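According to TrEMBL, the feature active site maps to 146, 171, 230, 233, 256. The active site, O-(3'-phospho-DNA)-tyrosine intermediate annotation in TrEMBL covers 265. Here TrEMBL flags 9-98 as domain 'Core-binding (CB)'. Summarising the annotation, TrEMBL assigns domain 'Tyr recombinase' to 111-278.
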């Protein structure tokens, strides 16, 4: 569901109004932080009424942001990703003000990176146009479900109170339990009320092709050209290991028969540790 921010003010400070509108619209704290930081940075750069901003102002800011020394340039990949997120946030702010801009969105092409960053997740969720799409993204990130599994969930399989779903594994027909966060529980409850689903109904009545196109299109919209359904599964697994979940627990949540399959994700975490160490001690 795309954030509903209402109309911009005529006389009030548009920045403060925008930040408050984000909060009241139900945006997560991470989204509010990213958007407010980006917009504040842009306003500091252009030093004029944002309603008078031009596409060239944005391009100049992007160029300055890309070459800036400090937090944004720990590494080239991280810099591009941060600039991309900032540009998307400022574009949203300006379009909310009625300023029609089409800034170039820095693209991230990372076939070797298997997981999204927290900032990527916030941007993805805030750019979902439909409530259904937001539920799908949030649920995939929380559970690591396979595409075929999320499309086979029936309403009766969901326990909102306990925040869990009974899943019949598509690979071997066995049953397992996956869990989801309060954020997803709130979205799911709203979704079920809006769409008036019955217990025997599929949670999402769509084909694999439709799901694939939805996620790919959302990735293109937010500058994550390599986003596909399996990337969200990788994201869950990597986050779970980083947060300290024991490997056998992650194995059960993912539905892996062999723990060696799960161990692949420890390699991704190790790579992140190596990069962080080299940045801290050898740069």
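Placement of Cβ uses the backbone N, Cα and C atoms for every residue, glycine included.
Positions of the features from TrEMBL, shown on the structure.
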| residue | record | DSSP (3 states) |
| --- | --- | --- |
| 146 | active site | coil |
| 230 | active site | helix |
| 256 | active site | coil |
| 265 | active site, O-(3'-phospho-DNA)-tyrosine intermediate | helix |
Rounded to the nearest Å - Cα separation of residue 233 (active site) and residue 146 (active site): 7
The domain 'Core-binding (CB)' (9-98) - residue tally per DSSP class, helix then strand then coil: 69 helix, 0 strand, 21 coil
Within 10 angstroms of residue 146 (active site), Cα basis - active-site residues out of 230, 256, 265: 230
Number of other Cβ atoms within 10 Å of the Cβ of residue 230 (active site) across all protein chains: 15
Neighbourhood of residue 265 (active site, O-(3'-phospho-DNA)-tyrosine intermediate) by C-beta distance under 8 A, where only residues 6 or more apart in the same chain count: 114, 234, 237, 238, 241, 250
C-alpha spacing of residue 256 (active site) relative to residue 230 (active site), in angstrom: 14
Set of same-chain residues at least 6 away whose C-beta sits under 8 angstroms from residue 256 (active site): 262
Which listed residue (146, 233) has most other Cβ within 10 Å, given these are active-site residues: 233
